[in-house]
């Protein structure tokens, strides 16, 4: 049926024909596009009142794309998924370091004992480097967090420490020859001992310190998905490096023509180790590009919120029977608060403008809104609601306006919006709006970082005013389209946030006092994790540093101080070589366990994996002292690799999990923000602390027991202690902050 010519089509009857600037005009009876609906008695809480009409206006069409220049988009927090080869090359430095460390642990003690170092002093060789590491490791971690080199934050430290390890290795394996060239004799090797000890200190400190920037380097350039894979690959490369290192050290190069041509066993080992360390360092440095850190005083380019006006709101609900017009002298007050749910994945928020145009300088970045976090949105919201040219807050000149008082949550310290944003102030901020006053106050909130717009509901409350002194009601209605547009606009722009730019700018320069304060105020989860890490390294280092000596003296019944032509001396050398093969078994078992550890984490909890590693190591070291069978002792080396892989992987994985908690990470606003480089260094310092204790205790313990059996007893006892501590004291999950307070706290409050 064709409608008559004079009738209005149904589609046009639903769409208002009033200009956008007339929506804030005093409502009159001619709002032809509205649909009338009566509110029931029950819906009004059974109150007596004149009948009211509710006007419903359909939402306008979807908004256009919200473009922004791509050069202003900050992709620093967005890490692409790394391939296996990128992670493999990134972990090559661990292969070279462990290859070098295998040579050090296998030959330092035999070389020093053969040069005449007393039994009571040979364990003190390991005392100097861990003290330096314990004192300097946190400083290196803090400096790497703040390094502004154009090569990145971590790679300069990796390069310097790799060079230091190479120099130490040169002194370690060639110290005896250099001493003979200086002033040593066949019976007096004082210069050789001194140079060898200096090489041990430099090599040990550099090799152990290189682990921390390499781990931090991987965590900086990888997202959370790739961090666990990267840690497992690091442990795998470390195990393979140690395994091949012990294989090279276990071969009798003196009996080969290649070894005789190069000058002997130690010379061949030095050449292999130097080449391996140099090549793997280069592979790591070129593996993944690292973004340089901005200098402290430099502000990153931030984008302003787009000046696209939001559509005006529908007219205010009026009681039936009220006048058709409002007197021009009636005071109008606007109260705004947000309380209706909006979230990025909500169907209320269609992804308009989700295109990326590399051809021009404009692109929409709504696809990345979910990764920017909610703390980036608040500054945009404040800027949108305080800008003088925003049309959706403008009132027509026909209606006199009064002061609009809006209270925002307190902005974190260091918060700023460039060029036209808010600055930090002690009191409320007052802005002019065409002669009016907009007072922006501050609200004391217990969680200032949790003030994101996407976590709060939104409504717009417009009070009905019947007269100048009449009572005001605070009925609220949902403005769905405005919510959608606000969400799109605010998600389409990335501002400075507390976790990125503003916090970096507000940080104070590094000082020893501030570093000591960070260590002193260490959170309890990190403190317990460090103690557990210390127990693990204490037991492991006691076995590792003296295992070849244990094989030569206890299993093979040799004597390192016997004459070189004696049978006891030859037995000791055979035991040292066989100890290298035992360490090779341990290293390859560590590599294999690292390869399957990711699958085991899907089946077993981290607590269970910790317990199993400590338990097997305690059983392995304890049983090794009870048996003299070579095959039994070598088979027990597989247990040692499980603990090594665990110590190289699980503590750092737990630390990454800790940093997923906002409460743990802290903020620069209250001075509680922590750097991951510092915490990684604090965790790695437990290795140095364990090595200090081992060097002080195991020498006298070995002399008291009369053999190297005391070392294995000590390692077994400490490992069982670690079993109990990892089960009872370590924090494996930090509970998330209570979101209820966050939802109850509105973003904008009436004043």
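Quick reminder: no glycine exception, Cβ is built from N, Cα and C everywhere.
Source: prediction; values computed, not measured.
As annotated by Swiss-Prot, transmembrane segment applies to 93-113 (among others), with the evidence given as sequence analysis.
A Cβ distance under 8 Å defines the sequence-distant neighbours of the transmembrane segment (123-143), meaning residues of its chain 6+ beyond its ends; these are 108, 112, 117, 157, 197, 200-202, 204-205, 208-209, 212-213, 216, 510, 512, 515, 518-519, 545-546, 675, 677-682, 684-685, 687-692, 694-696, 698-699, 702. The transmembrane segment annotation in Swiss-Prot covers 123-143 (among others) and rests on sequence analysis.
Long-range contacts of the transmembrane segment (155-175) within its own chain (CB-CB distance under 8 A, at least 6 residues past either end) are made by residues 93, 96-97, 100, 103-104, 107-108, 111, 140, 143-144, 147, 149, 192-196, 198-207, 209-210, 213-214, 217, 266-267, 269-270, 273-274, 277-278, 281, 284-285, 290. Annotation comment: Swiss-Prot describes 155-175 (among others) as transmembrane segment.
Listed by sequence, the residues of this chain that lie at least six past the ends of the transmembrane segment (191-211) yet keep a Cβ under 8 A from its Cβ atoms are 93-94, 97, 100-101, 104, 108, 111-112, 115-117, 125-126, 128-130, 132-133, 136-137, 140, 157-158, 161-165, 167-173, 175-180, 182-184, 684, 687-688. Positions annotated as transmembrane segment by Swiss-Prot, on the basis of sequence analysis: 191-211 (among others).
If you look up Swiss-Prot, you'll see 233-253 (among others) marked as transmembrane segment.
The transmembrane segment annotation in Swiss-Prot covers 268-288 (among others) and rests on sequence analysis.
The phosphothreonine feature in Swiss-Prot is assigned to 500.
Under the heading transmembrane segment, Swiss-Prot lists 536-556 (among others).
Here Swiss-Prot flags 576-596 (among others) as transmembrane segment, drawing on sequence analysis.
Look at Swiss-Prot and you will find 606-626 (among others) tagged as transmembrane segment, backed by sequence analysis.
Here Swiss-Prot flags 630-650 (among others) as transmembrane segment, drawing on sequence analysis.
Under the heading transmembrane segment, Swiss-Prot lists 688-708 (among others).
Under the heading transmembrane segment, Swiss-Prot lists 710-730 (among others).
As a quick check, the transmembrane segment (268-288) and the transmembrane segment (93-113) clear the bar of 3 or more Cβ pairs under 8 A, pairs 6 or more apart, so the two touch. Counted over residue pairs 6 or more apart, the CB atoms of the transmembrane segment (233-253) and the transmembrane segment (630-650) come under 8 Å in at least three pairs, which marks the two as touching. Between the transmembrane segment (710-730) and the transmembrane segment (576-596), fewer than three CB pairs separated by 6 or more residues in sequence fall under 8 Å, so the two stretches do not touch. Between the transmembrane segment (606-626) and the stretches 93-113, 536-556, 688-708, the greatest number of Cβ pairs separated by less than 8 Å involves 536-556. The highest tally of CB pairs under 8 A with the transmembrane segment (688-708), across 536-556, 576-596, 630-650, is held by 536-556. The highest tally of CB pairs under 8 A with the transmembrane segment (576-596), across 93-113, 536-556, 630-650, is held by 630-650.
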